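Colleague: For reference, the structure I am asking about is given below.
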Amino acid sequence: MLRRILPSISSVSSHFLKIKPICSPSPLHHFHSLQSLQCSNPINKNGSLWFQGIRSYSLLSLNDLRDNVPRKQKTRKGRGIGSGKGKTAGRGHKGQKARGNGKLGFEGGQTPMRRRLPKRGFKNPFSLTFQPVGLGKIAKLINAGKIDSHELITMKTLKDAGAIGKQIEDGVRLMGRGAEQIKWPIHLEVSRVTVRAKEAVEAAGGSVRRVHYNKLGLRALLKPEWFEKKGRLLPKPARPPPKLKDKVDSIGRLPAPTKPIPFFTEEDPTASPAL
């Protein structure tokens, strides 16, 4: 293709070199030559030449177009002896491998790799992953006006304000980082809380309640619009399992609550009732 095009390009370039100007330079004629190229070789004020009938040549022609096929075609097995992969299709004669029912990981009877290597560690199926959030970050969001300290601060409030990320697996753990910035009473409902964070909130006159949500209840708390979009009702709050009863204070409420539940102290049984 390149050998067919190069002679035509060389002949055209030699033809243009032999062209002589046949028109006198004039601004009006130069303006018309820019639009219609009627003059074969006019010379303008800048001394540039304008050629007529210039044809651009490219290395790509219509007769050279083809489909974008891969260089190496896929091997078609079982299509005759001439293909090299006919009859047995490269599997040989008889045997387990020729019939295609070999067991994955089978090594001919010797101890397989999965049994030769020792076991290391284990994965606890009952483990819970909580996303941490510090009191300092909550204080900054309150000062920025993204969180109202007069209302109950739930995990949905923290998610909408950007205090925690979107990937919340089992809940939120309240940490004591930046506890010195809490100087006003706030009320929170989270999954877990550290001792330092609880002492700092209660010292400022607030309260922290540990609430329990299962997977479905946590989704209903954080994304209630998902259930509305699917045409489903919000699920009922789930009770914590027996092993987690001492780690939570109450069952999570749905939909997201706006007022805290006060903590009631146990009354003295020896005290006489008020009349």
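Cβ from N, Cα, C; glycine included.
Quick paste from TrEMBL:
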type     : residues : note
REGION   : 68-121   : region 'Disordered'
COMPBIAS : 88-97    : compositional bias 'Basic residues'
DOMAIN   : 132-208  : domain 'Large ribosomal subunit protein uL15/eL18'
REGION   : 233-275  : region 'Disordered'
Colleague: Helix, strand, coil: count each for the residues of the compositional bias 'Basic residues' (88-97), based on DSSP.
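Modeller: Its residues fall into 2 helix, 0 strand, 8 coil.
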Colleague: What is the average pLDDT across the domain 'Large ribosomal subunit protein uL15/eL18' (132-208)?
Modeller: 93
Colleague: Run through the domain 'Large ribosomal subunit protein uL15/eL18' (132-208) and tell me, per DSSP, how many residues are helix, strand and coil.
Modeller: 28 helix, 16 strand, 33 coil
